[in-house]
Structures are given as C-alpha cells and as structure tokens.
Amino acid sequence: MERIVVTLGERSYPITIASGLFNEPASFLPLKSGEQVMLVTNETLAPLYLDKVRGVLEQAGVNVDSVILPDGEQYKSLAVLDTVFTALLQKPHGRDTTLVALGGGVVGDLTGFAAASYQRGVRFIQVPTTLLSQVDSSVGGKTAVNHPLGKNMIGAFYQPASVVVDLDCLKTLPPRELASGLAEVIKYGIILDGAFFNWLEENLDALLRLDGPAMAYCIRRCCELKAEVVAADERETGLRALLNLGHTFGHAIEAEMGYGNWLHGEAVAAGMVMAARTSERLGQFSSAETQRIITLLKRAGLPVNGPREMSAQAYLPHMLRDKKVLAGEIRLILPLAIGKSEVRSGVSHELVLNAIADCQSA
C-alpha cells in the first residue's frame with residue numbers, strides 16, 4: 001500500500017494507492033459509523049462497483065444513499081449537477097453529510113463541485129476509477145462542470161477529505177480510456193520529471209498490459225508530483241499552471257468537436273504536440289525532443305494531430321476564453337526540455353496558428 005499526503009495545513013489529506021481497497025472499510029476514512037453518505041456514480045460503473053462500495057461502507061456502519069448519473073463528458077453540466085442537489089435535498093442530507101465520488105474525471109469533478117456548493121460546502125471523498133482520474137483529476141481540488149462555450153468554466157477549488165485509488169478498477173477500464181489516462185501520465189514527464197519520461201519510454205508496454213508493479217509505481221509517481229505542485233501552489237497562481245500542458249489546445253478541441261467525441265486525454269495528447277511545435281517555432285525546444293513525445297504518444301495509442309475537420313482558426317476563440325488568459329492575452333504552457341517547462345505569454349497568434357497547422361498536416 002502506498003500513501004501520499006497532499007500537504008495543505010488543516011486541509012491536508014491522504015492519497016491511498018493499493019489493490020483491494022474496496023474490501024476494506026478503513027480505506028474510506030475519515031468516515032465513521034453513523035455518518036451519512038451520498039454515493040455518486042454513473043450508469044457504466046454502477047453495475048461494476050456500486051454494491052461493493054455500498055457494502056463496505058455499510059459494513060463500517062455508514063448510512064448510504066446513492067445517485068446514478070448518465071455516463072459521458074457531455075453530462076458534466078449544470079443540468080446533471082442539479083440532479084445531485086435534488087437527490088441530496090429529497091432525503092434530506094444536511095451539512096454533516098459526505099459525498100463520495102465513485103468514477104472517473106466527470107463524476108469526480110461534478111461531485112466535487114456539488115460538495116463545494118451544497119449548503120455552502122460539505123465533505124467529499126474521491127474514489128477514482130480511471131487512470132486519468134487516479135493520476136490527475138482526483139488530486140488537487142479542482143472541481144467544475146462544463147459550459148457549451150468552454151470546458152470547466154463553472155467550478156471551484158475545493159479539496160477532498162481523502163483520495164482512495166483501488167488499482168483493481170483498471171481491470172475493467174476500456175483500452176481507449178487507458179490510453180486517455182496515459183496522456184496525463186506522459187504530461188508529468190514532459191513538464192516536471194525527465195527521468196520519469198525516460199522510465200515511461202522503457203516501461204510503456206508494461207503499463208499497456210496493466211502490469212501491477214509498473215502501474216503502481218506510475219500512479220504513485222504521478223500523485224507525488226501532483227501533490228508537490230498543489231502543496232506549493234494550490235490556487236494555480238504560478239507553478240500549478242504547468243500541469244495544463246496541452247490543455248489550452250485540448251480544451252479547444254473538446255469544445256469545438258462536442259464534449260465526449262474526443263476523450264480528454266486524446267485532446268490533451270494532440271495539444272501537447274501543438275505546444276511542442278509552438279516551442280520549436282520559438283527556438284526553445286528541439287525537433288528531436290518533439291519526436292520523442294510523438295513517438296511515446298503514438299505507442300500509447302493516442303492522436304498526435306488535431307481533428308482534420310477543425311481549422312487552425314477555429315482554435316482561437318476557445319483559446320481566448322481559456323482560464324489562464326490574463327488581460328486578454330493567451331498564456332501557453334510550453335516545454336523547454338523533456339522534464340522542464342514554462343508559462344509563456346505574448347506568443348503571436350500567427351505563430352500559434354502555424355504550430356497548430358503543423359499538427360494538421362503532419
């Protein structure tokens with residue numbers, strides 16, 4: 001069992017990583033006997049894990065209600081969020097309730113925002129079931145729903161009480177979702193840890209076949225890196241922005257193509273190549289390093305080009321609505337070397353459009 005602490009003073013919390021956690025009531029601390037829980041999951045995961053998690057919580061003496069949401073990025077919306085509020089109010093659940101997010105990034109982000117908003121804030125626990133949510137979205141307290149004009153535009157910073165990562169969940173993960181999660185894994189190597197990127201080049205095949213020790217190390221290392229960044233910059237005023245490598249381009253793809261048509265990790269993968277091409281055009285990143293990124297993404301089964309039907313110009317309106325924009329200026333996360341990156345303002349729109357075009361004609 002691995003245990004990592006996100007250090008945020010009184011709001012510090014543990015990330016527990018192991019197989020078989022759904023069999024242990026102690027995995028769901030700080031829940032105690034007699035407490036009330038609203039378990040939030042989706043239609044895909046409910047048949048797989050709802051009864052198991054409900055059972056282990058009830059074994060601990062917790063009173064469990066549940067709400068089952070539709071599955072898909074297109075349902076990460078205010079309308080679906082309202083169904084969670086309705087379920088909480090119908091019981092009713094008070095300020096002493098705990099929301100448990102059992103699912104991937106959509107369930108986790110939406111449940112976290114529900115917890116931040118319901119009666120001005122209740123406790124919640126993240127139980128991520130996809131690789132992407134285990135290595136990234138469940139850690140750090142970013143919660144949100146989408147708006148038709150932009151991804152994650154309505155949300156809050158709100159930290160969970162704990163994160164419970166049961167590695168056994170990956171056994172039921174579809175290959176496309178596994179690849180999507182690997183995009184965020186590869187991101188950590190590019191922006192923060194060149195040695196980890198080297199390890200990924202050597203061990204990607206083991207991750208693709210869900211090798212237990214390799215996957216446990218991979219998730220632990222990603223969570224360590226994320227925890228360090230969040231502890232240093234919880235509200236994304238500086239260092240934490242680096243975690244958005246590829247996201248300015250990727251969110252544009254997701255919004256333009258319709259939420260759910262491109263998985264988040266797929267869009268981020270293409271976006272990371274666009275960021276690398278931008279950095280190349282600025283003369284601060286080598287084509288050889290871009291090729292290393294492209295090769296690793298391709299091996300993971302990820303796209304390295306944007307959608308053919310989306311023109312370079314179509315990216316700009318979305319990028320100008322990006323949450324990192326300051327004073328009307330796009331801020332990009334750009335690699336300087338494998339393992340090192342920067343936040344860059346003032347890049348000309350023409351250069352950015354040319355970098356996007358590089359990734360459409362490649």
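Placement of Cβ uses the backbone N, Cα and C atoms for every residue, glycine included.
From the candidate list His147, His264, the residue Swiss-Prot records in the Zn(2+) site shared with Glu184, His247 is His264. In sequence order, Leu132, Asp136, Ala183, Lys187, Gly246, Gly250, Gly265, Ala267, Val268 are the residues of the same chain, not among Glu184, His247, His264, whose CB sits within 8 A of the CB centroid for the Zn(2+) site. Checking the binding-site residues (Glu184, His247, His264) against Gly105 (NAD(+) binding site) with a 10 Å Cα-Cα cut-off leaves His264. Comparing CA positions across the binding-site residues Glu184, His247, His264, the one lying closest to Gln74 (NAD(+) binding site) turns out to be His264. Neighbour counts were taken as the number of other C-beta atoms within 10 angstroms of each residue's C-beta; across the binding-site residues Asp71, Glu184, the minimum falls on Asp71. Comparing CA positions across the binding-site residues Glu184, His247, His264, the one lying closest to Gly108 (NAD(+) binding site) turns out to be His264. Take the binding-site residues Thr130, Thr172: by the count of other Cβ atoms within 10 Å of each Cβ, the lowest one is Thr172.
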